[in-house]
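Chemist: Below is the structure I would like to discuss, written out as structure tokens.
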């Protein structure tokens, strides 16, 4: 068993807490935990048996920045499709680890489709529904044996919507005998943690190395998630997957995920994240990837694309031009980032500012690598540009947007130069 260490004291400066030391888990070409950068993952919502549709969506998620993608494997057709999906992705030059999401019948599917077991980079196992009664231990062991045979990592993911009822009943019974019983919420959290951690220790007993195990214990409530992961992090050294089980739709889902995950990440807890957004009608599935990246970037965990600071607007900024320019700049740097990642590494750390008036515009622009202070209502029709804190040029006229974009591109080419060798 892992001996929990004392929770570290918060840093005195503005940095995040030190990362929690965990096992490093190799998932395909990605390493989760062990001090490596927090990994962004996502999940498809296609019928996995629809090979063309699944390949298309995995490719979209990968291009958006997802570093691992999970797919439902719930029947023989979806299990048989996995090797073909991997093959087609590789033909497109896409090497992204695919995770098989198993519930109820994973042991049967991998027995029937060993090529699926080989093609997947990781198996997700839910200890709450891997089996029931006397079959539970046997079916869990079968899945772990597949992971050992094919040298695959697993995520043992407990979920409050599919909690191990036998364990929950046991803990409720134990709680009733306490001199001071816990409230129901605390018992539920304990059941989630015990389900995940005890299952992981059982997997180790069966022969799966600790560095092949990732844990999660998901709920939908922000405070509950924070409490569960703080407690679980203190009890084990397994890599942890963070995420609300159902974050919700639109801004609610984004805010809930940010509220929960940012607290844990700031405390050094979490090795991979997924933002479980409910897509709005017509919205791309890639939104969850973008939100995950922005969450990690705004909390200082990673850098994916230049960070654009923009004025929110007020009565001094009756023109919408600064809003339009902020959107143009954001879209431009996101579109250029795949190219810059290869030719201009480090450009993702660049900061940009698009401000709308003289009050905070010049000051905020000086804090950025490149900033522009547009004129507010009644101000002179000119826009000073600041580069690394120094005013360099003043833009005027109808081509401000094009000229500012050109200045950004020039700065990238001049500042972020790939070193030979």
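Cβ coordinates come from backbone N, Cα and C, glycine included.
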Chemist: Since Swiss-Prot lists 311, 314, 364 for [4Fe-4S] cluster, which candidate among 236, 357 does it give for that site as well?
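Modeler: Matched candidate out of 236, 357, per Swiss-Prot for [4Fe-4S] cluster with 311, 314, 364: 357.
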Chemist: With a radius of 8 angstroms around the mean position of the C-beta atoms of 311, 314, 357, 364, what other residues of the same chain does the [4Fe-4S] cluster site pick up?
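Modeler: After dropping the recorded site residues, what remains is 312, 313, 316, 317, 322, 355, 356, 359, 360, 361, 376.
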Chemist: Here are the binding-site residues: 311, 314, 357. Which has the lowest count of other Cβ atoms within 10 Å?
Modeler: 314
Chemist: Count the Cβ atoms, other than its own, that fall within 10 Å of the Cβ of residue 364 ([4Fe-4S] cluster binding site), considering every protein chain shown.
Modeler: 18
